[in-house]
Structures are given as C-alpha cells and as structure tokens.
C-alpha cells in the first residue's frame with residue numbers, strides 16, 4: 001500500500017511538472033520601468049498621458065563626448081555620417097537633437113525673420129558634449145525581446161562605427177530606453193550568478209553535514225520540483241518578472257533546503273538515540289510535522305502580504321514565494337520522505353553535536369541578568385534609532401558605478417544639467433473648460449504672465465538649476481502677441497522641439513525644471529513646496545502635478561514603504577494569534593512576538609545609524625522576513641513542553657538547536673548571494689535579510705530558551 005502511494009505521488013508530481021513546463025515556456029521578462037507601476041496608478045497614468053500629448057515618448061538618449069583636444073562642431077563630417085547611419089537602422093524612426101548644420105532658416109521655422117540656432121539645449125556650454133535622441137518605431141520596442149534587439153542594433157552600429165571611422169568622440173547611453181535596457185541586463189546578470197551560486201554553495205554546505213546520498217537526492221529533488229512548479233505558475237499566470245524578480249529563486253531554494261534540513265536533523269537525532277532507520281524517519285516526521293506546517297503557513301502569510309504593495313513585480317514576488325513554500329511542504333512529505341526512507345546512515349556521517357549548545361545555555365543562564373540587561377539596553381537604543389528612520393530612495397542610482405546608465409548619468413551631470421527633471425503642464429482656460437482653440441489659448445497675456453510668474457518662483461529655489469518654458473521660447477524668437485497667436489493657430493507645423501513644448505491643440509505648454517541630484521524624499525518635499533505655492537497663488541490657469549520618471553518612482557517607493565509597514569503589522573498580529581492558539585498561552589505568544597520583532601528592530605536601528613532609509617528594497621524586507629525567522633522559533637516553541645522540569649526543558653532545547661543553527665546558516669549564506677547583484681534594491685534586501693537572520697538566531701539561541709525557562713517558572717538545571 002505504501003509503495004502504491006509513492007507511485008501515485010510520483011505520477012502526480014510528474015504530471016504537474018509537465019503541465020508547468022508549458023508555463024515555463026511562456027515566461028517573459030519585462031524590462032520596461034513601467035512594469036513597476038500598476039496600470040491604474042493615477043500618477044503613472046497622468047505621466048503617460050503627458051508623454052503622449054507632448055510627443056515625449058520614451059527615447060534612447062546618446063551623449064557624445066568629444067576627445068580631450070576637440071570641441072563641437074568637429075572639423076570633419078563624422079557627426080553627419082553617424083546620424084545618417086543611425087537613421088538607416090530598421091528599428092529607428094528618427095534621430096533628433098544636435099544638428100551639425102547649426103542654423104535653420106527663418107522659413108523652416110516660420111517664426112522669426114532671423115535664423116536661430118537649433119542646438120540650444122543639445123550642446124554643452126563648453127562645447128565638449130552633444131545630445132542625440134533616438135526614437136524607435138512602436139513595434140521595435142514592444143516587448144522586452146524587441147526592445148533589447150532594437151537597442152542592441154544601435155549598440156552594434158556604434159561599435160562598428162568606432163571600428164571603421166575612429167571618431168573623435170565617445171558615446172554614452174541615457175534616457176528611458178537605456179534604463180529599460182539596463183533593467184534587462186541586470187536581471188540576466190543576477191540570474192547568471194544566482195543559479196550556479198546556489199547550486200555550488202548549497203552543495204558544499206550540505207556535503208559537509210549530510211553524507212547520506214538518498215537524503216541529498218531527496219533534498220535536491222524536492223527543491224527542483226518546487227522551483228519548477230513555481231516558475232510554471234509564473235508563466236501560466238502571466239506574472240511580471242522584473243529586475244527584482246531575480247532574487248526569487250534565491251529565496252525559494254534557501255527556504256526549501258532549510259525546511260528539508262529540519263527533517264534530516266530529526267532523523268539523525270533519532271538514530272543517535274538508538275532507533276533504526278524507519279523508526280527514525282517516523283520519529284522525525286512526528287516531531288517536525290507541526291512546526292513545519294505552521295512555519296510554512298506563517299512564511300507564506302508573510303510573503304502573501306506583499307500583495308498589498310502598489311508595485312506588481314513585488315506583488316508577484318510575494319505570491320510566487322508563498323506558493324512555493326506551501327507546495328514545498330507537500331513535496332517534502334510525498335517525495336523527500338519516500339526517497340529518504342531508502343537512506344542508510346553513513347559511518348562517517350557527523351553526529352548531531354549538542355554539547356556546545358548545552359554549555360552555552362548553562363552560561364547564558366548563569367549570566368542571565370547581564371544578557372537580559374544588555375538586550376534591553378540595545379533594544380531601547382534600536383527603538384530610538386528606528387524612530388528616526390525616514391523614507392529615502394533614489395531610482396536613478398539603482399545600478400553600480402560601472403553600469404552604462406550610471407556612467408551616462410555622471411556625464412549628463414558633468415556636461416549638462418543632469419537627468420533629474422520635472423515637467424509641469426500649464427493649461428489654458430480653454431483646456432480647463434474643454435473648449436476648442438479660439439485664437440487665444442496659451443497666447444493670451446494672462447497665460448504667459450502666469451507661466452512667467454511660476455518660472456520666477458522655481459528659479460528662486462535652491463534645488464533648481466534651470467527652468468525652460470514657453471516664455472523663453474517667445475523671447476528667443478521675439479514673438480509679439482499677434483505673431484504668437486498666428487503661429488499657434490497651426491501648432492502642428494511647429495518643429496519637433498516646439499511640439500515637445502506645446503501640445504497639438506495649443507491649449508497647454510510644459511515648464512521643464514532641471515534639478516540637482518535628489519533622493520525620492522527630497523523630490524517629494526520639493527513637490528510639496530511647489531504645491532503650497534500653487535495653493536497660495538490660485539488662478540484659473542492651472543498648473544499640474546510635477547511629472548517625471550524620478551517623481552513617479554519616488555511616489556511608488558513612498559507608497560510601497562507605507563503598505564509594507566501595514567503588512568508588517570498584520571504579520572505581527574497573525575504571529576501572535578498562531579502561537580497563542582497553538583500553545584494556549586498569551587505569554588508565549590507575546591514572547592514569540594518579541595523574539596521575532598526585536599531582531600528586525602535591531603537591524604533597522606543599525607540600518608538607520610549607518611545612514612540607510614526605507615527604500616524599495618529595504619521596505620520589502622519588513623514584509624517578508626518576519627515569516628521566515630519565525631520558523632526557527634516555532635521549532636523551539638512547539639517541540640518544547642514548558643511544563644516539563646528544568647532538565648527535560650534544557651534537553652529538548654539543546655536537541656533542537658543544531659537544526660536551528662544549520663538552517664540559519666543556510667539562509668544567511670543563501671541571502672548573501674544577493675550581494676553580488678547589480679541591482680541595488682536586491683543588494684539592500686540581501687544585506688538586511690542576512691543581518692535579520694543572524695540576529696534572530698542569536699535571540700533563538702540565547703534569549704528565547706532563557707525566557708521560556710523563566711516563564712515556565714522552573715529552576716534551570
């Protein structure tokens with residue numbers, strides 16, 4: 001009967017894996033920065049509408065920096081040849097920006113009797129750098145695969161141009177499409193490190209402790225089935241796999257191996273006590289089934305709470321890991337244990353050492369006043385530090401200094417005004433009233449005065465480097481009121497640069513603000529200052545919300561931090577409820593809550609002291625780590641009968657600690673892989689997770705046994 005059940009399990013899991021393989025084939029990476037935003041996000045929607053209205057679709061910006069001894073315009077025709085070659089690429093729609101023919105005629109602009117430079121804003125003040133903007137055909141950047149191929153075709157062309165012509169300039173990549181390109185590159189880089197890194201690291205660690213081949217085979221099989229089914233669900237469900245998703249395999253495999261190791265240590269414990277192989281396996285299962293189930297449930301709950309994040313990739317991160325945790329519990333019961341049943345203890349297999357933990361428990365009890373006092377003092381200091389923790393993030397600095405986008409960002413700051421801009425749409429009365437253009441619109445004196453007033457306010461702010469508006473455009477071409485109305489009566493005839501300033505209906509224009517490099521918190525603070533000015537200077541001519549990639553990312557990070565705090569609170573209440581229910585003791589429920597809350601407070605207190613803040617990566621840690629670290633506490637709490645005498649309590653605790661120590665070690669090194677990421681939110685997430693695992697282990701090792709003994713009211717032996 002047992003063998004028949006095993007065959008049925010194998011058939012079922014095989015069928016599920018075959019079904020999952022179809023889903024895996026449907027997996028698609030989403031390299032677009034917009035993947036981080038819900039499609040119904042009001043600010044994101046407003047930004048996309050702005051881009052469409054003012055012909056500001058996502059572009060690839062090329063910054064060309066002249067060699068040290070040269071300036072623009074160059075003495076040869078290399079720029080003309082370079083632009084012509086770019087324009088001939090199949091994916092490219094047009095190439096705008098710097099024009100080697102520096103002046104357009106008055107007729108081509110239909111604005112002024114004088115020829116005007118078309119390179120204003122496209123050439124640096126020292127003439128050492130110029131900007132080209134490459135627009136692609138819509139289909140050429142639709143989807144990650146098409147985007148990567150289109151940008152790669154530009155990259156290949158530039159490399160070939162460098163080889164054939166040896167130009168007198170260097171090319172740097174910037175703009176939204178360069179950002180998307182680097183998101184995809186980061187994800188590929190991370191997976192290329194994480195997958196072999198996981199295999200090598202866990203193979204080495206497990207081989208040092210687990211010598212039985214069948215146990216190794218069972219752990220590897222259950223982990224692979226779990227990760228494969230999870231990827232299948234991601235494919236079938238159309239889940240979003242963005243740059244942060246590269247950390248999902250690390251989390252899943254680390255948890256799978258950690259759960260399996262508890263069963264192995266239980267088996268070894270029973271063997272050391274004289275049981276045979278089958279009895280030892282049954283004893284391990286009976287001892288671990290309850291903490292493994294409730295541990296999996298609390299972990300899944302912690303990750304599932306990530307669905308409250310406003311960012312779809314983070315929501316899907318939580319759903320996938322929650323699914324993997326619960327599936328792995330079933331896989332361990334139906335695949336790992338039947339394989340482990342065939343394991344024969346190796347003579348050279350390491351015995352589970354308890355002496356160290358027994359001695360440490362004696363020492364900690366002897367110096368309990370010192371440990372408890374020190375823990376209380378450090379906790380108070382950490383709470384004080386956490387109270388000063390502030391929201392802070394910078395989406396433009398998510399990549400390392402060697403990254404192409406980071407290099408171009410520095411060059412943009414060196415030669416121009418950087419990449420930190422805000423766009424304000426100033427609407428005329430006609431647009432606000434949804435009227436057709438009547439010859440006045442943005443040409444009316446009140447409108448121009450309102451824009452000028454707003455621009456003067458912005459220029460006075462210390463964060464502002466430069467302000468561009470329709471007022472500057474009018475002054476450049478010396479347009480009077482009548483001539484301006486005449487020009488705006490046919491706005492579609494304006495050149496590309498003017499169409500980025502004035503919409504097609506001539507009912508609104510854009511005020512562009514160049515800002516110093518700012519974090520998300522500083523950007524939102526600046527916007528609040530602008531909002532206050534608009535409130536104090538109310539007018540029928542409305543000024544919209546400041547818009548840019550940086551701004552919508554800033555609001556996303558802030559909203560995500562708030563929702564993760566709420567999720568963390570829900571996880572705490574769930575933990576308190578579960579432990580209180582299982583142990584029928586509110587005291588032990590409160591103890592479990594404190595022993596898992598304090599490690600997070602310590603870590604975030606340290607993080608604040610080191611200058612860190614709540615960002616996209618660090619906020620996610622709060623939402624997910626409580627469910628992970630509670631597992632080891634549950635193994636201690638559910639395997640120990642606090643009503644037992646002091647000696648029995650001590651014996652049970654020391655028998656559980658080797659498994660807790662080893663799983664903590666596995667999780668610590670598993671999360672450490674994230675430090676090799678090229679995506680800063682993953683580095684943050686990894687670093688904080690490592691610290692939390694380490695501190696949580698110390699609490700489980702020292703504080704939890706000591707406090708359980710005190711609560712039990714027994715004398716410690």
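Placement of Cβ uses the backbone N, Cα and C atoms for every residue, glycine included.
All TrEMBL annotations are machine predictions without curation.
For reference, TrEMBL has these:
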TRANSMEM  191-210  transmembrane segment
TRANSMEM  215-233  transmembrane segment
DOMAIN    222-342  domain 'SSD'
TRANSMEM  239-261  transmembrane segment
TRANSMEM  291-308  transmembrane segment
TRANSMEM  320-340  transmembrane segment
TRANSMEM  369-387  transmembrane segment
DOMAIN    554-710  domain 'SSD'
TRANSMEM  564-582  transmembrane segment
TRANSMEM  589-610  transmembrane segment
TRANSMEM  616-634  transmembrane segment
TRANSMEM  655-675  transmembrane segment
TRANSMEM  687-712  transmembrane segment
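Within its own chain, the transmembrane segment (320-340) is flanked in space by residues 6, 9-10, 12-13, 212, 214-215, 217-219, 221-223, 225-227, 229-230, 233-234, 239, 248, 251-252, 255-256, 259-260, 263-264, 267, 281, 285, 292-293, 296-297, 299-301, 303-304, 624, which lie at least six positions past its ends and keep a Cβ under 8 Å from the stretch.
Touching of the transmembrane segment (369-387) and the transmembrane segment (589-610) is concluded from the presence of at least three CB pairs under 8 A, sequence neighbours closer than 6 excluded. A contact between the transmembrane segment (191-210) and the transmembrane segment (655-675) is present, since 3 or more of their C-beta pairs, 6 or more residues apart, lie under 8 Å. Sequence-distant neighbours of the transmembrane segment (239-261) (same chain, 6+ residues past either end, Cβ-Cβ under 8 Å): 27-31, 35-36, 183-184, 186-187, 190-191, 194-195, 198, 202, 206, 210, 218-219, 222-223, 226-227, 230, 233, 292, 295-296, 299, 312-314, 316-317, 319-321, 324-325, 328-329, 332, 336, 398, 616-617, 620, 624, 628, 631, 659, 662-663, 666-667, 670-671, 673-674, 677, 679, 681-682, 685-686.
The list of residues near the transmembrane segment (616-634) in space but at least 6 beyond its ends in sequence, with Cβ under 8 angstroms from a Cβ of it, reads 244, 251, 255, 258-259, 291, 294-295, 298-303, 305-306, 309, 311, 314, 317-318, 321, 393, 395, 556-557, 560-561, 564-565, 567-568, 571-572, 575, 579, 592, 595-597, 599-600, 604, 607, 660, 663-664, 667, 680-685, 688-689, 692-693, 696-697, 700, 704.
Of the candidate ranges 215-233, 655-675, 687-712, 687-712 has the most C-beta pairs within less than 8 angstroms of the transmembrane segment (589-610). With DSSP classes pooled into helix, strand and coil, the tally for the domain 'SSD' (222-342) is 106 helix, 1 strand, 14 coil. The average pLDDT computed over the domain 'SSD' (554-710) stands at 87.
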